[in-house]
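Let me begin by presenting the structure, written as structure tokens, before commenting on it.
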Amino acid sequence: MLTKAIPQKIFVTVFILIALHVTPDGAQNARYTDAIQSLVDFGTFALQPGYRSHIDILQVKDHFYAVIPPGVPILLSPLYFIYRNLMNSLGVPVSESYWAGFTMLSNITIMAPLLGIVAVMMFKILKSFTGDLIKKLWLVFIFIFGSLNFFYSTNGIWSHAYTMSFIFIAFYLIVKQKNSFLIGLCLGMAQMLDYIAILPIFLLLGFWLYVNLKNKSKNIFQKIILIGCGYSIFLAIILYYNYSITGSIFTTPNSLFFKQLSQAKEGKNLAHAFFKLPTLEILWGLTFSPYRGIFFYFPMTFLFVISLLKNKTIKNSVCLFSGIFVLCVLIYNSTYYAWSGDVCFGPRHLVVATPFIVIPIVYCKTKYIKILGTLSIFINLSGVSTNPSDNLLTNLVMFISRGLFLHWLDYGYKTILPIYFNVHVSLMTPFFIYLAIFSLIYIIWQPLIKEYQVTQNLDMQEKLQQY
């Protein structure tokens, strides 16, 4: 049966489309590449003279540090080590094109495969709730290409899609009751990637405990120890990272930076403002506003809310947990001082919630999934194809007025090839690139489509014979 090959087809499709949409730069690229270069080339997190980033720089004595968790620099350091040696052997100097190549390479070789794995896991989870193949495939591809994951996995280097991936992998392992040590490793990696992942981690641990108590699992204390061992590996790295920069294992670069910022504001104490009670303005901004509203940037959220009103969802522990997870993350993000995410596309701190928005939608009708899913893909393709703005409508106008394929013209023909590689192409247009991409994807899925059509025809004939 060709249906057995569906996970492989999903992985390849996600990999191809993510890899072909990566861009050479992003709004926060330099803060990560500066830290990666310092770590690999000089063995320290202290930024070296000539660093490019000017976003949230912490000064400790005579050293400067990027105010970021250690996860992304550590995760991408092995790739940079290989890339640096290759570029040195080719005689390529450190420049904007040098970092553009590394940025694209990191998203192609690490992010794209990682999202491919996550997409396959989403398909397997949905498989437990419905036998409708078309619905499952729609939801899987909407999850990747119709949500904020599309932008944050292609537009330079961001931590959010990485964090979401490891949180969801841990969730999958919990649902399937897999190795507890691996669960701990995934949770620890998510924590190392983003400090505010602490709430999703706490929620997943609660769900893990519920699943094990419900199934009357044996050796539950042994499993807790295994999770703790996996998590503690990355916790130890975080504590060492904190100590090496701030001098205290419990003081993060973020908190020390915020303290310095407070002192710079004429002695005004801003520590209490790091987290604060959410206001109606912030809640509106994160939900229905064209500024950062999740309902605008991911219209499938409307179906998510509707699905939570269904009895099937309430009775299903996985779907019910998904609803609780999304609500808690939304409220938690609304208390965070940087809830808007500054220069970005949509509510970037809600990226971690996107898979949990998708799961309960499995109980909605396929026709509504197709309609809102198509809209979601169009919206997020507009984000991938244009520059981040403070209003989604701006991105949509830019996208529609410039055309569906012109982001390839900007990045591929005007930037990447001529500026970075001194290659000038004038005989091809971006339209043919997309034509080639979709032709390749059709070839990948065409045998399965045929098999599905034959199965549908046989089912129809059986129903007619019964009458």
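Glycine too: its Cβ is placed from the backbone N, Cα and C atoms.
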Range annotated as transmembrane segment in TrEMBL, from 3-21, 155-173, 345-363: 345-363
Segment proximity, the transmembrane segment (64-83) to the transmembrane segment (220-241), 3 or more C-beta pairs under 8 Å: yes
Positions on the same chain near the transmembrane segment (133-151), where near means CB under 8 A and six or more residues out: 3, 6, 10, 13-14, 17-18, 21, 115, 118-119, 122-123, 126-127, 160-161, 164, 297-298, 300, 345-348, 350-351, 354-355, 357-358, 361-362, 366, 369-370, 373, 376-377, 379-381, 383-384, 452
Criterion met for the transmembrane segment (345-363) and the transmembrane segment (64-83) (at least three Cβ pairs under 8 Å): no
Contacting positions for the transmembrane segment (318-339) when only residues 6+ beyond its ends and CB under 8 Å are counted: 125, 128-129, 175, 196, 199-200, 203, 207, 210, 273-279, 282-283, 285-287, 292, 294, 304, 307-308, 312, 347, 349-350, 352-353, 356-357, 359-360, 362-363
